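The repeat 'PPR' annotation in TrEMBL covers 106-140, 176-210, 312-346, 347-381, 457-491, 561-595. Annotation source TrEMBL lists domain 'DYW' at 776-868.
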Amino acid sequence: MLRSFSRANTKPEFLLQSKPRASGGAITISLFSSAVAQNQASLTPITSTLLQKCNSLAQAKLIHQQLLVQGLYQDFTTRLVSAYLTHNAPSHSISILERLTPSTSVVFCWNTIIRRSLRLGFSHDVLSLFRRMLRLHCPPDHYTFPFVLKACGELPSFRSGAAVHAVVSTTGFDSNVFVCNALVAMYARCGELDDARQMFEEMHYKGICDIVSWNSIVAAYTQSRDAKNAVELFRIMMNDSEIHPDIVSLVNVLPACGSLGASLHGMQLHAFALRRGLFEDVFVGNALMDMYAKCRMIEQANKVFESTEVKDVVSWNAMVTGYSQAGRFEEALGLFQKMREEKIELDVVTWSAVIAGYAQKGHGYEALGVFRQMQLCGSKPNVVTLVSVLSGCASIAALLQGKETHCYAIKCVLNYDWNDPGEDLMVINGLIDMYAKCKSTNVARLMFDSVAPSDRNVVTWTVMIGGYAQHGEANDALKLFSEMLQEGNSMKPNTFTICCALMACAHLAALRFGKQIHAYILRNRYESVMLFMENCLIDMYSKSGDIHAARVVFDNMQHRNSVSWTSLLTGYGMHGYGEEAIKVLDDMRAAGFVPDGITFLVLLYVCSHSGMVDQGIRFFESMHTEYSVTPELDHYACMVDLLGRAGRFGQALELVHSMPMEPTAIVWIALLSGCRIHGNVELGEYAAAQLQELGSENDGSYTLLSNIYANARRWRDVARVRSLMKYSGVKKRPGCSWVQGKKGTATFYVGDRSHPQFEQIYKLLADLIQRIKAIGFVPETNCALHDVDDEEKGDLLFEHSEKLALAYSILVSTPGVPIHITKNLRVCSDCHNAFTYISMIIDNEIILRDSSRFHHFKSGSCSCRGYW
């Protein structure tokens, strides 16, 4: 160190000769000193110049110091406040203001500080500054209140806004149009639409409304999704001769027209914009495109797009979103690609629209691919993006990617204090839906339970109920639906909630619960969306065993679509009423509906379960020749089932070999089922071998083959099939039958003795079997798939679940009332035969639903007529 100092004189000569530059502080002091030495008159312009040109907080403090030293502080307070604010030192500005006597200039300074905090997003600071201002008895003016009220709306804080309103009233600004407009906007942002409307009505009564007032209240209704009132208010505004709608007015009301689907109003506004020369504005053009797209007038939206000279990213987004929502995703994708080619900056709306389009079409992998591109481009996803990604994951059951999206949501969206709770709930609802559709209903339920009951909305309930209903947990779906309707819960189910509950009823054949839901629909008047629910009611009644009630619903429908006709056709097919189904088809054609692929699939199913083989063949042949419908895999499977049930194995096998696509497991299972009915061991083994090659692990196919061997008394082969099932890890589903009663559901398994009334059940069943044996019933011992003697086989058949369910139903039912039984598997031929005989000795009709169809047993006959 000493050596380095000793060599200081080795610097170049020009450095040694240069004079040191004066610092900013030295210049400031010098200027002040010279000004004071000359006269006070020159000090004011010098000080003003210094305050304007000071480029650091330190210089501002130095000037402040010199003004105090020279006793000139009072003349430059407002300029000092501005200087401190310029250098981001609001605390210094506030410190000065707190020592000043209130005046117009002081109020101006307070307004400047408040406006700065508002611009920076510090809404809580705005309220704190306002309170401090009031404590210092500094009277706010008509500029102060709009800033403070805007902060209340951005928080949002209704309580603070109402308190500021009280100050407005006491200070005499309640007739100031600027302040009153700010009050309307504040109440709207706080979600208090009634208060916003009352404030507006008071302004209107006082005659102080201007165009901003009208725009504010219309915007309030539009943003609150009360489109009807928004459009009505705009119509009233148009009739006011003193008010002339502007660009903002149109941009506010056009989204409301789109939400209502009010294309006529929208077209009138379009004409108005053209007459007033407002159409050239890019915001108006974008709003018109969005409105036409929401009204399903995509061609008109495209005309606006093409005629707009100046297009921004919002214009492109309106069209991409419009095409996507109209189901014309290829065109939406084309616009998206064009935007990329023309180097138009893609924002979050663009990406979200494309991701949502892929998700809605069930193309989950493509949606995930676009999401990855979005992240690589640096665009930050918003709530809508995440919900669309989760929907895409749900559509392909991509649980892993769904979990990854969940992690992203936790890190970047959820659990932040400044988040909008409504947006958080949207993401949570999307997560519940994703987990439920990926068959992780336990995780979905945990997420559902994590949302406080008071915070749940109708979507939260619906996605959870729907998740249960769609994935075989129908009991949980109905239990949750009941909780939703409990007293104290003000949440009203929407159309989708009710349809999910009806789906659960249909799955369980829960006719009693389904009727209660039907009554709820009628009581609560869902007329505007009745078509969708009526279709679900037809399906529920059909699958719950009451095809006549399904027909009554159908006959009383004011409007029908193709789903209505197809649902009734399916119902008649399930119940074996083939002739009635054909008549419905004729009525459908007469009503102007053309059969499509789904209709023909139902017709083939009807023919298969009604023994109408030749009619089914004619339908299959007419698909392509008369209706230009190309048969798909499911149609071929239905035809194989139809021919197999009829024992026409040569035709069935020929059809399989002539298929234009590779036969899948469903085709071979249909053929195997026919082999079981007719005992065709050789072809059954061939079909089973094909299933094994395909890697099918369906327990039903193993059971069918085992049944074929058992009927042929090939017990070693039965044992081999069972051994193969065990080796492959395939478990046979246990047979289960249940009965819906007044006191709940009674469920029975084979040999079940868990029911409190099991002794009475077994005693009654034994009596029934003895009585029907006396009139000719002989147990079909080949249905007992065990190598034991016939007497022991009879005992095994005696304990089948459907027989136990029937005995219980007879015990608890009133004579003459139909008995409804549901079984999860196909009913065995011995039970079917026993039910036929039992229907001869009891007064009740027996309606049995198995995994394939319905059987109506009455007076010794069954509706299936042997085709089951």
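From the backbone N, Cα and C atoms, a Cβ is placed for every residue, glycine too.
Within its own chain, the repeat 'PPR' (561-595) is flanked in space by residues 531, 534-535, 538-539, 541-543, 547, 550-551, 554, 602-603, 605-607, 609-612, 615, 627, 629, 853-856, 863-865, 867, which lie at least six positions past its ends and keep a Cβ under 8 Å from the stretch. Same-chain neighbours of the repeat 'PPR' (176-210): 142-143, 145-146, 149-150, 152-154, 156-158, 161, 164-165, 168, 216-217, 219-221, 223-224, 226, 243, counting only residues six or more beyond its ends whose CB sits under 8 Å from a CB of the stretch. Note: the repeat 'PPR' (457-491) comprises 24 helix, 0 strand, 11 coil (DSSP; helix = H, G, I, strand = E, B). With helix defined as DSSP H, G or I and strand as E or B, the repeat 'PPR' (176-210) counts 27 helix, 0 strand, 8 coil. The DSSP breakdown of the repeat 'PPR' (347-381), given as helix, strand and coil counts, is 26 helix, 0 strand, 9 coil. The DSSP breakdown of the repeat 'PPR' (106-140) into helical (H, G, I), extended (E, B) and coil residues amounts to 27 helix, 0 strand, 8 coil.
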